[in-house]
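Heads up, the thing below is written out as structure tokens.
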Amino acid sequence: MEPAEEQDAGNHTLLTEFVLSGLSSRPELQHLLFFTICLVYSMTLIGNLLICMVTVHPTLHTPMYFFLRVLSLLDISTASVVVPKMLVTILSEDRSISYLGCVTQLYCVVFLAATEWYLLAAMAYDRYVAVCRPLRYAAIMNTRACLSLVLLSCCSGKVVSVVQTAWVFTLSLCGPRRINYFFCDIPPLLLLSCADTSLYERQLVSATVLVIFTPFCLILLSYACILSSILRISSAESRHKTFSTCSSHLTVVTLYCASGTLIYLQPKSSNSQDTKKILALIYTTVIPTLNPLIYSLRNKEVTEVLIRVM
């Protein structure tokens, strides 16, 4: 399929279509990658749909499980934005993606990732109130407050996504049209720019700090207060139950923070694109699969309801 290209006055090739290189260019790995990614994607859908189904059970009508249900929906959306197109590029000879398709994919990925980060901060706040302010928990974390936190997370994610996507695609992307990645993301798109991107790179670092490190610091502060309260609990069983619930959330936060910062803090760093592909695969595909396992296997209430439902 021949790319649709136009020439501008500066004698640069304006890109109206991109070609995704995929995860690997080695032909002998394509079928293995296809079936592996299919399996992981199926586990993501099944696991997160089960979490959504289980958390509507009457015994789990609490803010923690409401946030967990929203997190599962975001995980399904993130994987669905990236994985189907990735599967097509693995087996198909036509690996092209239209300019509009690339814009849409980048917007969705950034929106979902940013929203998820703010939601994780909201979940940490919920745990803080539950452990440190138990007598006022029902009054503070009422239905209106929970919905407001989710709406605020979505609005914040939308603002970040609009700004980042608009900024990337106002850069002069003039070739080559091949994106050495398996989806449209900021770091590989910057490599296609024929203009100076230093200003945008500084802006991206600022956005990464705002989207990742600010919620991460709030999460750490919440857990510092939680840990202090846990140590004052006299019952060993209560301490273990509280710590187990909070450690599940902290595990997810650590996985997101490690992969996200390594990708976006240095978008044009010396790290190889293959390394960033692996990190992006973890971020968009593996972590959404692990979330249901982390929360269900480490949470006795979810496990009991899941067994009852099944």
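Note that Cβ sites are derived from N, Cα and C of the backbone, with glycine treated the same way.
Taken from TrEMBL, the feature transmembrane segment applies to 32-54, 66-91, 97-125, 146-169, 207-231, 243-266, 278-297. Annotated domain 'G-protein coupled receptors family 1 profile' per TrEMBL: 47-295, in sequence order.
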>> Does the structure show the transmembrane segment (146-169) and the transmembrane segment (66-91) touching, where I'm treating 3 or more Cβ pairs under 8 angstroms (sequence separation 6 or more) as a contact?
In response: yes
> So which of 66-91, 97-125, 207-231, 278-297 has the most C-beta pairs under 8 Å when paired with the transmembrane segment (32-54)?
Replying inline: 66-91
>> I'm a bit unsure how to read this: which one of 66-91, 97-125, 278-297 has the highest number of Cβ pairs shorter than 8 Å with the transmembrane segment (207-231)?
In response: 97-125
>> Same chain only, please: residues at least 6 beyond the ends of the transmembrane segment (278-297) with a C-beta under 8 Å from a C-beta of the stretch. Say none if there are none.
In response: 23, 37, 40-41, 43-44, 47-48, 50-51, 54, 68, 71-72, 75-76, 78-79, 81-83, 109, 113, 181-183, 185, 248, 251-252, 255-256, 259-260, 262-263, 303, 306
